[in-house]
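Below: one structure, written as structure tokens.
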């Protein structure tokens, strides 16, 4: 039985796993099936300008690690530190989240090319802050001036460049006292005596070329541990569920880590005002990366800034790139269009806030492969590892363009969360393919299509009226049972009629005498029972008058059983007589049990009638033995047994008397 249960469980898990794999490796056409056919793209010269000015090669740049910035978020929101990396420092780096370390590369080479990016004309930090405050205050985008600039960016069609940016997004360095000390930015708070600050916050690695004309910020992504407590997993999970779920990880499996209370009273409804307020809290990664970017640009005011990130670091990088119009390359980032919409990131004329997936010329490029369910936007089933670990990845739409390696078709990979790690992407994907994949937009993509969002400014009042209903039902029932069964009467017949305002009272008296107790009750039960019942209806309320006469039998039973069984007598025959009296409320039943089976002269039994304790048979004659009158010897033998071993039928063999020699 246990083996069968395990087999069924294995089959269920196999089916669930197969279904999750098929859904995770969705093609672009399958993802478009969830889109809205009513989306109309706004007119504009974007594509014409882009085609009129093809990308130009701008040579190769060599980057070196210059600084590492760390910005606190939850436990230390005011912490902002940096450490300068000296040119002679020999560092160790890990590409698999601290499992193994190797000598860090000294230089990173990447090719540059020109591209056109559509962004705001005025992008100072104060200008960006004013635009976002306007949206959060009035719920409408601010009227600002936009421009299309030709800038330098990484060459996304070059394999070595893509590989370099993946390494910048993946690295985690080990520092020693010889490499320098962590210094507070702008003389900030001193956290020297606090332990654990390095596990709280966002870390960015700053790379610069020889002329300091271009700076690359590589942001650290989500820690790989499923459960809280390892590295920055707890804080990363909170931001993942804020950015990637439809409503703060509510309305899904119970394992999801809920990060706010914005769900509506009905299913698939969410308070958008509450949702935006949760994202605006100072401790979240978007605001931390804005402060980090502000300090880097103050240190390199005349440099172009490029961004790179993996997983959550890639999402934060793309949000920063959309805000300031910066070239960005991300790796295995989960869909980020939903987060950009809720943060109120500015959009050019002709686009409403929330349509970032339909915008061209953003400068955002997301690299990933089809075997990663997080990147594909399908790691959200109840049995998926993301849901088991508490992550709620419900979005399916990326901003900008997606550049997808089809590892399921080309390499025969199976879909699994283990392929999400950046070390797997670097060694098994980017280095294996000869060229990077082509990049494209998914303009018809729609997030959370089955959810309804409503606005709430906190002034609405809700009035509810309670209604009460009173009903009284009385059931009158007459029963006569002739064939009692194991759990009740087998031939039960019932008549019932509902009435209103009816009261019923009854009294019963019983006398029982048992001579032969059985396994589950008395075998020769003799019972005398009298019962009376009355029903009355008040005269205040007109109602039908119902009179019920109930009579219970008075029975007399005599039983003699020679072959008792496990649950009763096997040789029982019953004769029942009853004398009905129409004018009486009771009837008398006489039951006589006669046994007609093989002789069994047992007169004393124990153990519920199963064991005979009579002495061995002896002669019944009262005369003394003589040569003509000898005692009779009888041999008792069992001819048929029960399934549990006791004798069911006996046989007695008589022997002729023998004369004394």
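Every residue, even glycine, has its Cβ placed from backbone N, Cα and C.
In Swiss-Prot, the region 'Disordered' annotation falls on 574-597 of the listed ranges 430-453, 454-477, 574-597.
Checked against Swiss-Prot, the range among 4-24, 25-45 recorded as transmembrane segment is 4-24.
Ranked by how many other Cβ atoms sit within 10 Å of their Cβ, the recorded positions 155, 212, 271, 295, 311 place 212 at the bottom. Among the glycosylation sites 155, 212, 271, 295, the residue whose Cα lies closest in space to that of residue 311 (active site, charge relay system) is 155. Rounded to a whole value, the Cα-Cα separation of residue 155 (N-linked glycosylation site) and residue 271 (N-linked glycosylation site) is 42 Å. Residue 295 (N-linked glycosylation site) sits 16 Å from residue 212 (N-linked glycosylation site), counting Cα to Cα.
Taken as a whole, the topological domain 'Lumenal' (25-661) shows an average pLDDT of 73 in this prediction.
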